[in-house]
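> One structure, pasted below without further comment.
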Amino acid sequence: MALGPDETLRSLASPSSLQGPELHGWRPPVDCVRANELCAAESNCSSRYRTLRQCLAGRDRNTMLANKECQAALEVLQESPLYDCRCKRGMKKELQCLQIYWSIHLGLTEGEEFYEASPYEPVTSRLSDIFRLASIFSGTGADPVVSAKSNHCLDAAKACNLNDNCKKLRSSYISICNREISPTERCNRRKCHKALRQFFDRVPSEYTYRMLFCSCQDQACAERRRQTILPSCSYEDKEKPNCLDLRGVCRTDHLCRSRLADFHANCRASYQTVTSCPADNYQACLGSYAGMIGFDMTPNYVDSSPTGIVVSPWCSCRGSGNMEEECEKFLRDFTENPCLRNAIQAFGNGTDVNVSPKGPSFQATQAPRVEKTPSLPDDLSDSTSLGTSVITTCTSVQEQGLKANNSKELSMCFTELTTNIIPGSNKVIKPNSGPSRARPSAALTVLSVLMLKLAL
């Protein structure tokens with residue numbers, strides 16, 4: 001049965017129609033470059049695709065829907081591999097893939113949507129996968145007393161310098177973003193953005209995440225974290241544009257539009273999950289956030305405060321007129337987003353969420369305490385000695401094969417985690433654990449109790 005124009009349009013515009021191959025007779029979803037090849041090989045699909053592109057060119061929605069050929073093209077393409085195709089971030093033909101995706105999905109809804117469906121394949125990996133890799137490079141298991149005094153952002157830079165690819169691409173973007181063009185032009189922002197995109201797309205996340213989301217307890221560390229993307233060139237400007245204007249500029253570029261849509265899809269606050277993140281997936285949110293760096297919508301930490309995490313694009317809502325409410329809503333998705341804040345805190349603390357009902361919700365770790373360091377945030381002469389651990393994992397009862405009990409010592413790590421990651425909190429909450437040297441001794445107490453039970 002043929003769908004009416006409005007029903008066809010709604011089904012095409014709905015994100016739910018993009019999921020579940022059971023709604024289509026053909027195939028599991030493929031990337032849009034491959035889908036285009038499949039469509040081109042089938043005469044009916046290829047002709048309807050050409051018709052649709054002509055329909056969308058220079059016509060408003062009502063005019064397009066009044067044309068029977070346009071309606072027929074929509075109905076045919078709804079059953080083609082083009083409609084539910086997706087792209088992979090960093091793929092070889094990413095821009096071509098995204099151009100094909102948006103050639104179908106743009107103009108299919110009435111007005112501009114606040115949230116757009118992501119053109120990228122969903123992320124299935126978790127932060128715990130990153131932790132397993134990062135622990136190899138971070139020296140997990142080092143002396144907890146030494147680790148507690150570490151500048152974890154400095155440790156992340158040292159780890160990067162030990163990897164040839166990370167060191168090369170980091171050196172490249174620092175050099176380009178620090179290169180002054182003239183007394184009135186401090187850098188070439190376009191080249192700086194391109195170098196940053198290459199770094200975050202080509203360097204494994206076990207390195208980039210550690211630099212971007214390292215945990216801090218003092219201002220020197222937090223300033224190094226803020227300076228990771230060389231904000232004087234890549235982020236800041238003489239004046240802040242209106243956020244909706246900045247979004248409009250971003251949406252004229254297929255790559256920027258796609259990264260912003262992906263951020264909203266993976267970081268939009270959900271109050272029906274444990275973590276406030278869609279599907280409780282911190283990894284998807286952090287990846288989407290990092291994916292926006294190097295575009296007009298580049299986000300960054302707004303200050304070097306170690307006691308709170310606030311990020312934002314370089315924009316404000318001044319001059320929004322009657323669109324001020326929409327502008328504030330858009331900005332709050334960055335500045336007051338519990339999902340994003342919890343994800344950043346979770347990575348800094350070395351924790352992830354286990355949503356399985358069979359075990360505890362969190363694998364707890366202690367938040368590190370660090371001392372001030374005079375090192376400059378963008379100093380390339382970081383020592384190549386890796387130093388101490390970024391991630392210190394508490395020993396879980398399950399890993400030791402013991403039965404859980406209600407002892408005070410065994411519940412300590414879990415309590416520390418839950419006080420550090422609270423959906424809706426505006427800052428990193430430090431547990432009341434006394435002086436900085438009290439934590440290692442508490443950890444040793446836990447270990448002693450466990451060993452005693454094993455011996456028994």
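Every residue, even glycine, has its Cβ placed from backbone N, Cα and C.
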> Of 1-23, 162-184, 185-207, 300-322, which range does TrEMBL call region 'Disordered'?
1-23
> Could you tell me which of C214, C221 is bonded to C216 by a disulfide, according to TrEMBL?
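Cross-referencing TrEMBL, the cysteine bonded to C216 turns out to be C221.
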> Spatially speaking, which of the disulfide-bonded residues C166, C192, C214 is closest to C327 (disulfide bond)? Use C-alpha to C-alpha, please.
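Looking at Cα distances from C327 (disulfide bond), the smallest one goes to C192.
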> For C267 (disulfide bond), which of these disulfide-bonded residues sit within 10 Å, Cα to Cα: C166, C277, C315, C339?
C277, C339
> Tell me which residues of the chain lie with their Cβ under 8 angstroms from that of C243 (disulfide bond), as long as they are six or more apart in sequence?
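Spatial neighbours, sequence-distant, of C243 (disulfide bond): P313, C315, S316, C317, S320, C327, F330, L331.
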> Looking at the disulfide-bonded residues listed here (C39, C192, C339), whose Cα lies nearest to that of C214 (disulfide bond)?
C339
> Using C-alpha positions only, work out which of the disulfide-bonded residues C45, C177, C250 is nearest to N349 (N-linked glycosylation site).
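Checking each of C45, C177, C250 against N349 (N-linked glycosylation site), the shortest Cα distance is to C177.
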> Counting only residues 6+ apart in the same chain, whose Cβ is under 8 Å from the Cβ of C166 (disulfide bond)?
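Non-local contacts for C166 (disulfide bond): A159, C160, V203, P204, Y207, T208.
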> What is the separation, in Å, between the Cα atoms of C250 (disulfide bond) and C45 (disulfide bond)?
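C45 (disulfide bond) has its Cα 31 Å from the Cα of C250 (disulfide bond).
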